[in-house]
Amino acid sequence: MATESKPVPPARPTMGFALLVVVLATLAERAFGLHDAQYVAAAAYLAFVLGCLPRLGRREAILLSVAALLTALAVLWRDDPITPLLQGLDTATYMATFLLTLGMLRTAAATSPAVLECGIYLTQQPPGRRYVALHTGGHLLGLLLNFGVLNLLGPMIRRGVESGDPSLAEIREQRQISAVLRGFPTILLWSPATITQALMVSLLPGVDPARLLMLGLALTFILLGVGWLEDRVRWHSFQRARAHIKRPPPPPAPWRAFGGMMLICAALAGSVVLVKLALDIPIVPALITAIPCVVIGWMALQNAGLGLRDAAVTTGQRLRQIVTVSFPNASPETLTLSSSAFIGVLVAALLPPELVAAAIRPLETQPVLLLAIIIAIVPLASQLAFNPIISVVVLGGALIRVPGLPVEPTILALALACGWMLALPGSPFSIPCLILGRLLNRPGTQISWRWNGIYTLMAYATVLLFIACARLI
């Protein structure tokens with residue numbers, strides 16, 4: 001007789017307070033230069049990990065087991081195990097803080113009428129401009145919502161296609177979902193408000209953040225064209241057969257909502273600049289310091305109609321809910337991301353630099369081929385369910401220690417970011433494909449390989465050509 005599985009205990013508010021300490025201590029270290037705060041952050045993080053043990057999923061259990069094994073190997077093999085362990089914990093708390101502060105931004109955006117209006121407008125565009133609208137909209141909304149943009153636009157797309165011609169529902173769903181899935185990941189190439197960019201700057205000494213941003217932004221526009229071209233060529237005959245059909249006019253643009261979104265983005269950008277200049281810190285620590293301030297202001301504006309006193313009370317209640325509900329509910333993602341970063345740091349520390357140097361020595365005179373391999377490793381490893389952050393941290397941490405590496409740090413950072421970006425639409429195990437698969441009740445292999453496999457290969461070739469040219473600039 002089958003036994004019932006043991007229910008997973010609910011997340012406890014105390015876990016939220018442990019994560020709050022992680023966030024505050026990490027900000028104290030990264031933004032205000034209180035270096036001893038990293039030990040407070042590490043202690044609070046370990047308390048959080050202990051609190052997660054009764055409710056671990058399979059993925060988290062595997063990651064923690066690997067982390068424990070690597071910790072034991074570091075103690076046994078390294079003469080100075082404390083250094084890589086502290087570095088791993090520091091990176092883990094940094095990634096946890098980044099994810100949690102982005103989650104605060106997503107929480108505020110989820111209740112914004114402007115965000116909802118923009119999402120509805122994007123999904124109701126006519127076929128001729130729908131791809132560009134959804135690709136661009138998924139990209140821009142992803143800056144605020146991160147993976148939440150998939151939860152916002154996915155159900156809207158599903159409802160829209162179900163209300164139309166049933167014979168065209170699957171094709172329309174494929175085209176619209178693919179546009180969002182291709183547009184959203186390209187934020188990894190340039191936006192400082194992404195974990196990828198934060199990791200590149202932290203992991204690779206010598207990276208020029210301004211140059212990385214400009215190169216990534218240029219590549220983002222190019223990939224929009226690549227995705228649009230693939231969509232047009234694939235569905236050209238289908239479009240021609242339906243060219244004579246009269247369609248209702250598109251809805252009017254919600255300019256007020258667009259203005260509200262632009263105001264929020266401007267407030268965030270301005271706050272980051274002010275914090276950076278006031279504290280004289282790098283852009284990413286300035287970002288995670290500014291986000292909570294912007295979130296408080298955004299929530300207060302959403303409640304402005306309640307009056308000053310009630311708005312303050314409601315905003316305070318929402319902030320409390322973030323700590324006691326949202327932080328604990330985000331514990332699986334937080335643990336996955338932070339433990340993956342810890343694993344990557346330890347693997348890179350345990351790999352002998354001379355071994356890595358010997359492996360790439362045949363490619364020293366062929367840097368473009370080396371870059372092609374680096375870019376390909378991340379999406380290929382993700383086909384085996386390897387988290388891209390592990391691949392990126394291991395590759396970056398190992399390669400940056402190789403003397404005379406024929407690739408400069410900024411180009412290496414762009415290559416790793418491109419590999420991470422390609423893994424998201426191209427792997428059935430990526431978080432976006434898992435989210436969309438659950439929302440649409442479709443297998444991840446259909447969304448990644450069948451719908452976006454050709455695009456991923458085209459994007460890979462485009463990325464490689466772009467980076468080969470960027471080396472000459």
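Just so you know, glycine gets a Cβ as well, placed from its N, Cα and C.
If you check TrEMBL, you get these features:
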type	residues	note
DOMAIN	409-453	domain 'Ig-like'
TRANSMEM	38-54	transmembrane segment
TRANSMEM	61-78	transmembrane segment
TRANSMEM	98-120	transmembrane segment
TRANSMEM	132-153	transmembrane segment
TRANSMEM	187-205	transmembrane segment
TRANSMEM	212-229	transmembrane segment
TRANSMEM	255-275	transmembrane segment
TRANSMEM	282-301	transmembrane segment
TRANSMEM	335-356	transmembrane segment
TRANSMEM	368-399	transmembrane segment
TRANSMEM	411-437	transmembrane segment
TRANSMEM	449-468	transmembrane segment
Report task. Would you kindly check 38-54, 187-205, 335-356, 368-399, 449-468 and say which stretch has the most C-beta pairs under 8 angstroms to the transmembrane segment (61-78)? Result -> 335-356
**Report entry** Positions whose Cβ lies under 8 angstroms from the domain 'Ig-like' (409-453), at least six residues beyond its ends
**Finding:** 147, 150-151, 154-155, 158, 173-174, 177-178, 181-182, 184-186, 188-189, 196-197, 200-201, 204-208, 211-212, 215-216, 219, 371, 374-379, 381-385, 388-389, 391-392, 395-396, 399-400, 459-460, 463, 467, 470-471
Requested in this report: May I ask you to check whether the transmembrane segment (335-356) and the transmembrane segment (38-54) make contact, with contact taken as at least three Cβ pairs under 8 Å and only pairs 6 or more apart in sequence counted?
Outcome: yes
Query raised in the report: What stretch of 98-120, 132-153, 212-229, 282-301 shows the most Cβ pairs under 8 Å to the transmembrane segment (187-205)?
Result: 212-229
Query raised in the report: Do the transmembrane segment (98-120) and the transmembrane segment (368-399) share at least 3 Cβ pairs under 8 Å, sequence separation 6 or more?
Result: no
Query - Chain residues in Cβ proximity to the transmembrane segment (282-301) (below 8 Å; excluding those fewer than six residues from its ends, i.e. six or more beyond) - result: 26-27, 30-31, 97-98, 101-102, 104-105, 107-109, 112, 192-193, 197-198, 201-202, 209, 264, 267-268, 271-276, 311-312, 314-315, 318-319
